[in-house]
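Please read the structure below before turning to the comments.
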Amino acid sequence: MAVGTEYLAEQPRLRTSAIVLGAVAIAALLAAPFFFYPVLLMSILCFALFACAFNLLIGYVGLLSFGHAAFFGGAAYFTAHAAKVWEWEPLAAILLGVAGAAVMGLVMGFLAIRRQGIYFAMITLALSQMFAFICLQVPFTHGEDGIQGVPRGYLLGIVDLNQPLAMYYLTLAIFLFGFFAIWRIVHSPFGNILKAIRENERRAISLGYRVDRYKLGAFVMSAALAGLAGSTKAIVFQFATLTDVQWQMSGEVILMTLLGGIGTLVGPIVGASLVIALQNYLAASDFPVLVLIGIIFVICVLLFRRGIVGEILELMKRRSKGAA
Amino acid sequence: MSTIFGIPTPALYGQILIGLINGSFYAMLSLGLAVIFGLLRVINFAHGAQYMLGAFAAYLLLNWLGINYWLALVLAPLVVGVIAVVIERTMLSRLYGIDPLYGLLLTFGLALILEGAFRYWFGAAGQPYAAPSQLSGGVNLGFMYLPIYRGWVVIASLVICIGTWLLIEKTRLGAYLRAATENATLVQAFGVNVPLLLTLTYGLGAALAALAGVLAAPIYQVSPLMGSNLIIIVFAVVVVGGMGSILGAIVTGYVLGVLEGLTKVFYPEASSIVIFVVMAIVLLVRPAGLFGREE
């Protein structure tokens with residue numbers, strides 16, 4: 001269900017402009033906290049990374065996970081607990097969250113890849129719901145209250161993360177690290193095999209690839225990166241609650257990716273920015289956000305399944321074909 | 001007081017009854033999902049919302065128009081069925097032939113719209129809906145006290161499930177339906193109006209969900225969240241049963257409901273996750289589901 005993402009790589013002229021665009025974007029991100037509210041920016045960065053991690057699975061392996069909230073919210077809980085109760089250094093707490101999400105990804109992925117397509121979606125949804133129930137009951141998550149008042153602490157014992165700028169640049173660094181990791185995965189031989197599985201699983205099997213191992217590997221990576229986003233969010237916002245593990249969150253990340261463009265590298269970032277900005281804008285009004293999210297879902301599915309970035313890429317492709 | 005494994009028997013029977021009731025709803029909803037999936041290849045995520053819509057239709061019919069439970073039992077599924085037909089004609093039918101995941105995403109969006117709208121109008125809290133006077137009260141069965149309405153729900157759901165199964169397995173319409181599930185193009189070539197069949201199937205599935213919603217209204221409170229809480233469990237039920245068989249969906253629904261009830265007695269902490277644990281075990285042992293076929 002993805003769009004031709006290799007398109008950019010095929011066109012040297014576009015590739016240079018992509019690099020220039022990337023540099024401009026990074027410069028803009030570095031300057032952004034001087035113009036915008038840093039907390040909103042950090043929220044966008046966390047969710048953009050979450051959506052990119054989710055997109056790794058749907059866009060490049062063709063697996064729709066309806067349970068990514070478990071990794072995002074689960075990692076947030078682990079990190080919050082480590083930072084607050086064990087008083088770990090923030091980066092170590094984040095790494096623990098990532099490791100926890102990876103282990104959960106291994107378990108959930110092992111079960112879910114036994115079925116394909118629509119069943120995969122239902123199984124991941126059910127397993128994440130089970131995790132949400134567990135989070136409601138086990139003592140360390142503090143049930144409905146969640147873990148509140150998580151200290152941001154000192155990065156490596158030196159940098160005070162209570163300063164908004166320090167926190168922002170750490171979040172940005174984590175986001176760029178995650179995005180680069182995904183870019184590397186997608187453009188590696190491993191990533192090419194994933195795309196082969198997406199395009200024709202049976203053929204990939206007949207070519208001798210152990211498809212299940214690749215799928216599981218991608219699932220664990222996606223879970224770990226989603227966990228990275230959740231852990232960072234826990235440090236930024238200083239809490240971890242049930243909201244992050246519930247199915248609505250899985251739905252939200254699907255929407256961000258769908259809106260931006262499934263299978264495009266930057267699509268999820270665009271989608272996440274729009275959805276978070278919209279939620280932020282609507283927070284003051286009493287308009288039901290859920291209804292709006294539902295409407296965007298319906299419109300995306302019916303009218304532009306490629307997403308915003310996907311449609312733009314398609315347009316550029318058609319235009320350059322027309323010129324040739 | 002007599003006990004089994006140290007559990008007082010009335011508590012045990014009580015939980016088995018609750019399990020049977022929950023199982024009735026699992027069975028009715030997974031049946032509808034299976035029927036829709038069989039023909040349309042769409043997982044109807046809006047199934048929970050349509051169930052909630054059925055309950056709200058009964059509630060609103062009573063409070064706005066004074067229409068009683070018995071009429072609501074007919075009218076609510078009809079209304080929801082018609083809405084579903086419109087949805088299928090205007091939206092779902094555009095997605096046939098492309099990746100079935102889009103059908104899931106579309107119905108997910110619809111579910112969010114419905115849930116969000118009802119939450120906006122009625123709040124998240126539940127609204128009570130009284131059982132009809134004919135079915136209120138209870139009888140003492142000697143070994144336990146049975147509220148009549150709960151007995152009625154178990155019997156009604158059995159009748160609905162068996163009725164639907166007979167409709168699909170024993171009637172001409174059902175034969176068309178099964179044939180179209182196997183090979184829609186061929187059935188169309190024989191002159192059967194397959195698009196109409198698809199529309200009717202979606203309407204029927206949604207009406208079944210709404211009927212379950214009306215039955216549920218007096219037991220659980222009528223709340224905008226009642227559907228989404230249930231639908232995920234029903235998904236697990238469907239994965240356990242496998243969607244290849246209508247009868248399989250029904251049996252799995254009841255069995256898992258009772259199992260959940262029993263867990264509440266013996267190990268209450270696990271009762272909310274037991275169905276998911278069963279799903280995980282089934283996936284390990286028999287990935288296609290208990291009654292499913294490998295595709």
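Just so it is clear, glycine is given a Cβ too, placed from its N, Cα and C backbone atoms.
Heads up, TrEMBL stuff is auto-annotated, nobody curated it.
Annotation comment: TrEMBL describes B:12-35, B:42-61, B:67-87, B:99-122, B:142-168, B:200-220, B:232-259, B:265-285 as transmembrane segment.
With a cut-off of 8 Å between Cβ atoms, the residues of this chain six or more beyond the transmembrane segment (B:200-220) that come close are 21, 24-25, 28-29, 31-33, 35-36, 39-40, 42, 44, 46-48, 50-59, 69, 72-73, 76-85, 87-88, 92, 126, 129-132, 149-150, 153, 156-157, 160, 164, 177, 226-227. B:12-35 is the stretch from B:12-35, B:42-61, B:67-87, B:99-122, B:142-168 with the greatest number of Cβ pairs below 8 Å to the transmembrane segment (B:232-259). Counting Cβ pairs under 8 Å that are 6 or more residues apart, the transmembrane segment (B:12-35) and the transmembrane segment (B:142-168) reach 3 or more and are in contact. Remote same-chain residues near the transmembrane segment (B:67-87) are listed as 46, 50, 53-55, 57-58, 61, 110, 131-132, 199-200, 202-211, 213-215, 218 (criterion: CB distance under 8 Å, separation of at least six residues from the stretch ends).
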